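Copied over from Swiss-Prot, here are the features:
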ACT_SITE  324  active site, 4-aspartylphosphate intermediate
BINDING   361, 365, 393, 394, 395, 396, 397, 398, 399, 400, 412  ATP binding site
BINDING   535, 539  Mg(2+) binding site
TRANSMEM  55-75  transmembrane segment
TRANSMEM  79-99  transmembrane segment
TRANSMEM  245-265  transmembrane segment
TRANSMEM  271-291  transmembrane segment
TRANSMEM  605-625  transmembrane segment
TRANSMEM  633-653  transmembrane segment
TRANSMEM  677-697  transmembrane segment
């Protein structure tokens, strides 16, 4: 009897395995396509008009041209063999190609994301409601702002808009990747809809909020393709420093022959070019653009749309995070927290009747009561409740429960409503009911009274529960030197209780939306950078004021327009991950800059002795690596300089490992790993390459 079941299960497992294997194959195929495209682009980017945007690599390209010409038209006074010039020119060419490949690879990943987004932009038609009430079908490309459109079940939402009538379930998987549909309704903070999403139930009327080319998907495509990417202030500053270093070393190398002629010897042009390329920070110069693009790419993979690289960088410098209590720190729905018996009743009795009243209750509160009772190992008769008649909650009665087959009536609900119901049954009210109800209210909870016929057994303490792991996450932020401030409309006592439980640094009680702006400005006046999340129209001013404003995709258009980041999953806690990505971006750029500059130390000890030993024998003392010959030393330094770029591409794309700790601790750690490592690795690498090159010279 068991054999068919086993075979069926095996087949199911095999089909699942095949599906996973297909996904892996598709991912590998996409990666291969991206790499092939990047290789083609690395050659196309050799165009001087493109290269001049990266001054460091442009200098290397000019060096390639000079040495390539010298390969065919060598100087008459040159003592360098002809093969040396062509070898140097090829190494310089590949140095530029590797740098171009890094940038093209990062851009290619963005283009792949853009292509998948473009697939969601299908040719759809919209049912436009004219002023006279007539419904006309037009192409989505002909829609304009303020047009009114009716979207029915199974139809694609033609463009961005806001629901002005009706309620519907909308499948946003094309945008967010989340398969579960979300409810969109007129009014409130969940009225915003996005073009390219599908209505899966009911019917809604929306007003269009964007013209063609200005929709949410259009902006996403533009951003991930890099069309709207601008260099950030930090990136510009670093690029300026690196360009200045390049200019200084260029002046040094150009004027060097004057001094060598005075000393009675000449240095070949190819050697001078090699010296310049080894001195300038080519490693970080070749990876700088890729790091910035990859940082935007990492944010996008978290389903967060950053309006600019500046926003991602700002997230890395954040000092203070403003967080709403409801939905961010807490679940936002009330859950059973404690059972409080009254009079002479026991917790077991309260739990038993609370569970029976909730067996048929499908609300989140009802489910949480069952889970709480089961966690307390309190027994109850589930079948007894299932055989009874469920009494749903109504605004008029403010109670729910079940009428059992034997005539017993079980109720749970608001304190006043249940007390009146018990009195109508001829029952008496225990003295401590109101006392315990007041205690729950003062704690910020919601009291529900549990009664059976004319007898009150106790209360259920419903609490907006703090999300698991929040204390640990706030501790990580504290280690990073980031202060957390919780804003809530609760009274100070309740706010203090939740703040203590969650582990936030500060809280603002009885906070109104306009108070958030004051909190943000107060922090900014102290020189702090502030991040906050929001989804409502009333959050828009604060989102605009914050240095990093993360709006929820489920929120209003006003909130999304005010923010500089949008979370497609509408998860407010994701601001913590965004801060981590921002810090990782800054750390990656800083670490690779440190590594690149530290590399120069080893290159000095390789190329300087090689250049001057013949004329100044005392310079041999600097040849601490005992390199084979001057020509081998120069080629080894150049080869290492070229090869290190592709080796560091995965690190630039993925970002360096990030652990929450203070800025000083991070600085010390990165100086040790990438500063000291940047000195040691080239010594080893150049020596190994020299041994190999020495076999051929």
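The backbone N, Cα and C atoms fix where each Cβ goes, glycine too.
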If I restrict to non-local contacts, at least six residues apart, and a C-beta distance under 8 angstroms, what lies near residue 399 (ATP binding site) in its own chain?
391, 393, 411, 412, 413, 414, 417, 418, 421
Given 79-99, 271-291, 605-625, 633-653, 677-697, the one sharing the most C-beta pairs under 8 Å with the transmembrane segment (245-265) is 271-291
Would the transmembrane segment (271-291) count as touching the transmembrane segment (55-75), if touching means at least three Cβ pairs under 8 Å and pairs must be 6 or more apart in sequence?
yes
Compared by Cα position, which of the recorded positions 324, 361, 397 is the closest one to residue 535 (Mg(2+) binding site)?
324
For residue 539 (Mg(2+) binding site), the closest of the recorded positions by C-alpha position, picking from 324, 361, 397, is 324
Report, as a single number, how many Cβ atoms besides its own are within 10 Å of the Cβ of residue 361 (ATP binding site).
21
Please report the distance from the Cα of residue 324 (active site, 4-aspartylphosphate intermediate) to the Cα of residue 361 (ATP binding site), rounded to the nearest angstrom.
29
Within 10 Å of the Cβ of residue 539 (Mg(2+) binding site), how many other Cβ atoms are there?
27
Look at the recorded positions 324, 393, 412 and tell me which residue has the greatest number of other C-beta atoms within 10 angstroms of its C-beta.
412
